[in-house]
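Contents: one structure, followed by commentary.
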Amino acid sequence: MRINPTTSXPGVSTLEEKTLGRITQIIGPVLDVAFPPGKMPNINNSLXVKGRDTVGQQINVTCXVQQLLGNNRVRAVAMSATDGLMRGMEVIDTGAPLSVPVGGSTLGRIFNVLGEPVDNLGPVDTRTTSPIHRSAPAFIQLDTKLSIFETGIKVVDLLAPYRRGGKIGLFGGAGVGKTVLIMELINNIAKAHGGVSVFGGVGERTREGNDLYMEMKESGVINEQNIAESKVALVYGQMNEPPGARMRVGLTALTMAEYFRDVNEQDVLLFIDNISRFVQAGSEVSALLGRMPSAVGYQPTLSTEMGSLQERITSTKEGSITSIQAVYVPADDLTDPAPATTFAHLDATTVLSRGLAAKGIYPAVDPLDSTSTMLQPRIVGEEHYETAQRVKQTSQRYKELQDIIAILGLDELSEEDRLTVARARKIERFLSQPFFVAEVFTGSPGKYVGLAETIRGFQLILSGELDGLPEQAFYLVGNIDEATAKAMNLEVESKLKK
C-alpha cells in the first residue's frame with residue numbers, strides 16, 4: 001500500500017522519469033513493445049498506451065507485461081479493447097504494477113479491473129492505492145487458530161460451518177438462490193462482525209452484475225443516501241472484456257479486501273463469481289502468449305496461477321479474509337482440471353439444491369451434499385458434532401424412504417420409520433430461514449440465529465419433545481421458540497375457523 005502525493009514537486013514532470021517504448025506488433029489483446037536498451041520494464045509492470053486512432057478519437061489502453069522476449073522487446077496483455085491501436089504508437093512504462101484505490105472510499109461503488117469507478121457517481125479518493133500483485137502473507141503473520149465463522153444461517157453453521165479465513169466453494173445453478181444467499185452473508189457479516197465485503201465479478205454477465213447491484217441497493221446493503229455507510233465494494237470484469245481484464249479482476253477485488261484486513265483489521269468476506277472463469281481467462285492469455293497447452297487444453301501454469309490468488313486469501317493476526325467462490329463444474333466432471341485445482345484449496349462446500357428450491361425451502365442448501373473440514377469434534381465440540389451427525393442421519397434415512405413412500409404411502413412404513421420421516425420433515429423445514437435481504441419478497445422479518453440457538457433447536461426436534469407440533473410451524477422461522485409460538489398461533493387460527 002502506498003500514499004500518493006496530492007501534488008508533484010514544482011517544475012517536475014512525472015513523465016520525464018518514465019521510459020517510452022513503441023508498439024511493434026498487435027495480435028488481438030496482446031502487444032509487443034520495443035524499449036531502449038537497458039530500459040526494459042519488469043514482469044507485471046503496467047504500461048499505458050495513449051494516442052489517437054485514425055479518426056482522431058482518444059485512446060487510453062493499460063497493459064500488463066507478461067513476457068520479456070529479448071532484443072529489448074516485451075509482450076504485454078491489454079486490460080481493455082485494443083481497437084484503434086497501431087504499430088509505432090508510444091507506450092509509457094509506469095515503473096510499477098497496476099495499483100487500485102483501497103479503503104473506505106471503495107464501499108458502495110463499482111470498479112473495473114483498473115480500479116476506475118464505472119457507476120457514474122463521480123471520482124473516488126485515490127490518495128491511498130495498493131498494487132494488485134503482492135506476495136502472500138509470511139508464515140509468521142498467519143493466524144493458525146481454527147475458529148468457526150458464524151454466519152447466522154442455521155443450515156450453514158450447523159452442517160457445513162465456515163472457517164474464519166477459509167475458502168468456501170458455492171455450487172449452484174441458475175435460480176436456486178445463490179445471489180440471495182450471497183447478499184444475506186454480506187448483510188450478516190456487516191451486522192454481526194462489523195466487517196465489510198468485496199464482490200469480484202469475474203467473467204460476469206453484465207445483466208447479472210447490474211441485477212446484483214440493484215438488489216443490493218433495494219435491500220440496503222448499498223446505502224444510496226449515504227454511500228459511506230455501504231457494506232460492500234463491487235469489482236466487475238464482464239464477459240465482454242478481454243481475457244487480461246478477466247484474469248486480473250479477481251486480484252483487484254482481493255487487493256481491496258487485503259486493505260480492510262491488514263490496515264483496518266477487519267473480518268472481510270470476499271466473493272468471487274466465478275472462479276472457473278478466472279481459470280478460463282488464464283487459459284486464453286496462455287494461448288495468446290504462445291505457451292504449450294497442458295491437460296484438457298488448460299494452461300501449464302494453472303496450479304501456480306490459482307495458488308497465487310488463493311494463498312493471499314487467509315487469516316492473519318490483524319484480521320481475516322473469508323472467501324466464498326462460485327464454482328462451475330464443466331459437464332459435471334469433477335475431475336476436470338479447473339474444479340479439481342480449486343477443490344485442493346477449499347475448506348468447505350455449500351451445495352444449493354434445485355429440488356429444495358422447488359419445495360420453497362430457502363436457503364436451498366443441500367444438508368447431505370454440503371461438507372466442511374471444520375465439522376470435527378475437536379474443533380466444533382462434541383455437542384455440535386453429534387447434533388449435526390444425527391440431523392444428517394435422519395435426513396439420509398428420509399431420503400432412502402422417499403421411494404417407498406411414493407409407491408406404497410406412509411401407512412406401509414414401520415412405526416419407527418414414520419417417526420423418522422415426521423422428524424426429518426420438521427428438520428427440513430426448520431433448516432429454512434427468513435432472510436433480511438428477502439424481507440421485500442417474503443413479508444417476513446429476517447432472522448439471525450446464533451450457533452447455540454441452532455444446536456438447541458435441532459436437539460429438541462431430534463429428542464422428540466416437539467413431535468406434537470405441526471410441520472408448517474417450523475417453516476421460515478428463526479430459533480425454536482419462534483416455531484413453538486407459530487404452532488400456538490396456528491392452533492388458535494384453526495379453532496377460530498371451526
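Cβ coordinates come from backbone N, Cα and C, glycine included.
Note that the coordinates shown come from a computational prediction; the quantities given were computed from them, not determined experimentally.
Under the heading ATP binding site, Swiss-Prot lists GLY172, GLY173, ALA174, GLY175, VAL176, GLY177, LYS178, THR179, citing sequence analysis as support. VAL176 (ATP binding site) is surrounded by 23 other CB atoms, counting those within 10 A of its CB over all protein chains shown.
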Any further residue of that chain within 8 Å (Cβ to the Cβ centroid of GLY172, GLY173, ALA174, GLY175, VAL176, GLY177, LYS178, THR179) of the recorded ATP site: LEU352, ALA357, ALA364
Other C-beta atoms within 10 angstroms of the C-beta of GLY177 (ATP binding site) total 21
Residues near THR179 (ATP binding site) by Cβ (under 8 Å) yet at least 6 apart in sequence within the same chain, in sequence order, are GLU208, ASP211, LEU212, GLU215
Cβ contacts of GLY173 (ATP binding site) (under 8 Å, same chain, 6 or more positions away): LEU352, ARG354
In three-state DSSP terms, the structure that THR179 (ATP binding site) belongs to: helix
